[in-house]
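What TrEMBL says about this protein:
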- 15-34: transmembrane segment (TRANSMEM)
- 78-98: transmembrane segment (TRANSMEM)
- 104-121: transmembrane segment (TRANSMEM)
- 128-148: transmembrane segment (TRANSMEM)
Amino acid sequence: MKVALEIDEGLFRTYLFYTAILVIKVLSMALLTARQRFTKMIFANPEDAKMNSKSKVKYDDPDVERVRRAHLNDLENIPFFIVVCFGYLLTNPSLYIATNLIRLFVASRIIHTIVYAVIVLPQPARGLSWFAGYATTWYMAFQVILSFV
C-alpha cells in the first residue's frame, strides 16, 4: 500500500521558519546562562573559575539556576513539539489553524523564557505561557493519532 504524503508548501515553509526560531531560542539559552555566570563571576567548574581571581565555583546560585531551569524546560518541550508538529502537518490541517498553532507555541516559549529568566514576573505568567505551548503540543499529537482512526 502506497501512502502519498503531502504538505502545503506555504505551511511547510512556516514550519521551517518557526522551527529555526525555536532552535536559535534554545541555543541562545546557553548564551544567557553564560551571561549570568560571567556577570556574577560564578562558575560550575574550577578551571573556569581560575580565569579571574574574583571568580568562584558555586553550584546553587539562584540567578544562574533560574536560567538553567528555563533552558531545561525548553529542552523538555521544544523537541517534542518539532516532531509532533511535523506529524500534524501530514494530517492535512487547516492552514489557518496550523499556522496560528505554530505561532502560538513559539510565542509561548519566548514569553516563558522572558517571564522566567529575563524579567521575572509572578505567577501565573510563567504557568500560562508554559500551558499555552504544552496544550498546543497535546492538541497536535491528538490530531495525529486521530488521523489514524
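The count begins at 1 with the first shown residue.
Every residue, even glycine, has its Cβ placed from backbone N, Cα and C.
Keep in mind that TrEMBL annotations are predicted by a computer and have not been checked by a curator.
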Would you kindly list the residues that approach the transmembrane segment (78-98) from elsewhere in its chain, counting only those six or more residues past its ends and only Cβ-Cβ distances under 8 Å?
5-8, 10-12, 14-15, 19, 22, 25-26, 105, 109, 133, 136-137, 140-141, 143-144, 147
Report, as numbers and ranges, every residue of the chain located at least six residues beyond the transmembrane segment (128-148) whose Cβ falls under 8 Å of a Cβ in that stretch; write 'none' if there are none.
73, 77, 80-81, 84-85, 87-88, 90-91, 93, 101, 104-105, 107-109, 111-112, 115
